[in-house]
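Okay, so here's the structure we're looking at.
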Amino acid sequence: MRSDGKIPVDGLLTRADHVLTCDASFRVFSPGAVAFHRGTIVAVGPCSELEERYAAKETWSLQGHLLLPGLVNTHVHAAMSLFRGVGDDLPLHHWLHERIFPAESRFVRPQFVHLGTLLSCVEMVLGGTTTFCDGYFFEESAADAAERIGMRAVLGQGVLNFPTPDVPDPARIADRVAAFLESFSRRPSRLTPSLFCHAPYSCTPETLQWAKDLCRDHGLLFQIHVSETAWEVQEIQSRYGRSPVRLLKDLGILDKRTLCAHAVWVDEEEIQILAQTRAGVSHSLESNLKLASGIAPLPAMIGAGIPIGLGTDGCASNNDLDLFSEMSLAAKIHKAAFDDPTVCSARQVLLMATQGGARALGLGGIIGSLEVGKRADLVAVDMDQAHLTPLYDPVSHLVYAARSSDVRHVWVDGVPIVRDGTVQNLDVSQVLGEARTLARKIRTALFQP
Ligand SMILES: [Zn+2]
């Protein structure tokens, strides 16, 4: 306590036109403020109250801005931004086997993953994403990139039963995973390891159970693509006599520390299985649309109470990492697909991009809403713009009218990693230059054989 009676804190974000807490009662303060200290939120409320109570090392005056929790991207293959646009307008199986797998076997190395993840981190933070859940190869290099830019991340080491760029001999996967997990003993706590089993068709039941057991032993999130396409469901049905979700349930894979990416082709009973096991779902809509995989029954999954977050998937199938466009699309397409304009409201979709995503990743206790005790991951959106004027409902504007380019400031653990639309502590032009240089080699190899 200081002599003037004020409590010293590291940061005070005040005079925001609106503070959307995205908490359980969806409190909104207009105008509002947030105070944080040592990376943790210590107060959220009316700005006059917080200005009276706290003296901050740094105070941000945010007139014309809206404050909300940092967005959570629950399904990414970040390094694949270097393959953005190499295989468009193709069905998933052809895209994967004719374009992506050959390109990955030729180019994916630790330096590739570091550069591609850095590029993705730049795109994500500039668009208000503070946490991402990744799944790829050489994930130590993805962790290096996330650490450098200051993001929060769940980093899933890829596990498959066929040769991959970092495990040419699938029999050595256990050694690879052990080395990966060991590397996290030296990471900041905002970076957590995970295992990412590619899919029920690319991992054997024994591998799935081995990876899940390992995740249980270490308290890690288990990630997997599930029921992404009709082909996958038929394939798993013919191999195992049951659907992918039922297979995972029978193998004991589904629980609250399992994240199912996609879940497009799931029936009513499978939705109940996901809800009862408390498994999370990453709704990766744009990727599902671009690959014509289908449209997930999102309203039914929301109704069943499944923890659902939004995911962009990798840049090779989206082709960006923009959660604002994912929110807008998710709030609209299900209305048309299910002939009901009342489903997937702006509020429900915003909650998926924040606390829903955090819950699906098992991080609901520390991020996803602006509440005392949670980490200070925040985004300030500049609302003083023609396409956001007039403003009657901030939630409506965020989902239906705002763009990722409207994000001005971003904090993770109370550290400003984007100020005035500029990424801090990183030479972005150098990252873009290196990406273009590598892309010239990829272009030559893939398109001029
Ligand atoms: Zn994916």
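Cβ coordinates are placed from backbone N, Cα and C, and glycine is handled just like the others.
TrEMBL: automatically predicted annotations, no manual curation.
Owing to the predicted nature of the structure, the values given are computational and were not obtained by experimental measurement.
Feature annotation from TrEMBL assigns domain 'Amidohydrolase-related' to 67-415. Residues or ranges marked as Zn(2+) binding site by TrEMBL: HIS75, HIS77, HIS225, ASP313. The annotation substrate binding site is assigned in TrEMBL to GLU104, HIS198, GLU228, ASP313.
Recorded features from TrEMBL, shown on the structure.
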residue: HIS75; record: Zn(2+) binding site; contacts (Cβ under 8 Å, 6+ apart): CYS133, GLY135, GLN223, LEU259, ALA261, HIS262, SER282, SER284, GLY309, GLY311, THR312, ASP313
residue: HIS77; record: Zn(2+) binding site; contacts (Cβ under 8 Å, 6+ apart): ASP134, GLY135, TYR136, ASP313, GLY314, CYS315, ALA316
residue: GLU104; record: substrate binding site; contacts (Cβ under 8 Å, 6+ apart): PHE137, THR164, PRO165
residue: HIS198; record: substrate binding site; contacts (Cβ under 8 Å, 6+ apart): GLY135, GLY158, VAL159, LEU160, ILE224, HIS225
residue: GLU228; record: substrate binding site; contacts (Cβ under 8 Å, 6+ apart): LEU92, ALA199, ALA261, HIS262, VAL264, TRP265, ASN288, SER293
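Residues ASP313, taken from the binding-site residues GLU104, HIS198, GLU228, ASP313, are distinguished by a CB atom under 6 angstroms from ligand 1. Other C-beta atoms found within 10 angstroms of the C-beta of ASP313 (Zn(2+) binding site) number 28, with every protein chain shown included.
All protein chains considered, the CB of HIS225 (Zn(2+) binding site) has 24 other CB atoms within 10 Å. Secondary structure at HIS225 (Zn(2+) binding site), as computed by DSSP, is strand.
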